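*Asks:* This structure is in structure tokens; I'll ask about it shortly.
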Ligand code: APR
Ligand code: ZN
């Protein structure tokens, strides 16, 4: 416990936390899956069928992320502030492949679906920082093979990253927050059930609207992340300081 609050805190984030930074969500009306079939660009089969299409899809999203106008928003900043106030008590598990949590200052972070600013070599397995366009003429800096680099993204049907570390965190968390996710995709959508089963003292959903798992949360706050997340963090910090 830190002060009055049940720690450690595990925070699951989804695309909604980055929406106000200019990055599209997936299942809103204007979302990514309204424009492109996930089977074509977010599955190993799609990549095998047409690697150039998949590389172009992620190159476009990587350029959008690295555009100077794409910056962390007050929600990312509030979560980074929470970690600064309670070092070692806050872990973000993000489904997002952007680096806005890092740019806001969060350090205790797991990217369970991979990272847009990384590439992975199918030949030697190396995971490399990659901020340029990626294509079949690129060589792996680790093993020098050409044409074996793919986006370091977990596609549908693949195993999310660092699941053991996530399970450990859920087994001891006191407060579980879910921010900006629709609750459509497992295993992330099941984390709230697991946190409750493992004895979390409190579970809270912060979202624009009720997610599919809304009824599983003891508390919910609805509104744009850039408003509800700073307000909630302020409340948490105030509760401890007795403010
Ligand atoms: N503030 C807060 N929440 C928002 C905002 C906002 N400004 N805008 C949208 N949202 C909410 C939506 O209401 C929705 O519940 O964010 C959620 C986004 O849901 P999805 O688009 O389904 O994104 P996400 O839940 O992160 O998807 C999970 O699915 O396609 C895969 O790998 C992909 O990581 C992704 C996973
Ligand atoms: Zn290699």
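Just so it is clear, glycine is given a Cβ too, placed from its N, Cα and C backbone atoms.
All annotation found in TrEMBL is predicted automatically rather than curated by experts.
Note that the structure is predicted; figures quoted are calculated from it, not measured.
TrEMBL lists 113 with the feature active site, proton acceptor. The annotation NAD(+) binding site is assigned in TrEMBL to 14-33, 95-98, 180-182, 207-209, 225. As annotated by TrEMBL, substrate binding site applies to 58, 61. Sequence annotations record features per position, and here TrEMBL assigns Zn(2+) binding site to 121, 124, 140, 143. Residues or ranges marked as domain 'Deacetylase sirtuin-type' in TrEMBL: 1-239.
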*Asks:* Identify which of the following binding-site residues, namely 58, 124, 140, 143, place a Cβ less than 6 Å away from any atom of ligand 2, and list them by sequence position.
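*Replies:* Passing the 6 Å Cβ check against ligand 2: 124, 140, 143.
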*Asks:* When you average the Cβ positions of 121, 124, 140, 143 for the Zn(2+) site, which other residues in that chain have a Cβ within 8 Å of that mean position?
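*Replies:* In sequence order, the nearby non-listed residues are 122, 123, 125, 126, 141, 142, 144, 145, 148, 149.
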*Asks:* To which of the binding-site residues 14, 22, 180 does the lowest count of other Cβ atoms within 10 Å belong?
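*Replies:* Result for the binding-site residues 14, 22, 180: minimum number of other Cβ atoms within 10 Å at 22.
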*Asks:* Return only the integer: C-alpha distance in Å from residue 26 (NAD(+) binding site) to residue 113 (active site, proton acceptor).
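*Replies:* Computed Cα spacing between residue 26 (NAD(+) binding site) and residue 113 (active site, proton acceptor) is 14 Å.
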*Asks:* Output, ordered by sequence, the same-chain residues six or more apart from residue 143 (Zn(2+) binding site) with a CB under 8 Å from its CB, or 'none'.
*Replies:* 121, 123, 124, 126
*Asks:* Taking only the recorded positions 14, 18, 95, 113, 140, which one has a CA atom nearest to the CA atom of residue 58 (substrate binding site)?
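*Replies:* Nearest listed residue in space: 113.
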*Asks:* On a C-alpha basis, identify the one among 61, 113, 140 that is nearest to residue 180 (NAD(+) binding site); the candidates are the recorded positions.
*Replies:* 113
*Asks:* What binding-site residues in 30, 61, 124, 140, 143 place CB under 6 Å from ligand 1?
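*Replies:* Once distances to ligand 1 are taken from each Cβ, none falls under 6 Å.
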*Asks:* Around residue 58 (substrate binding site), how many other C-beta atoms are within 10 angstroms of its C-beta?
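*Replies:* I count 22 other Cβ atoms within 10 Å of it.
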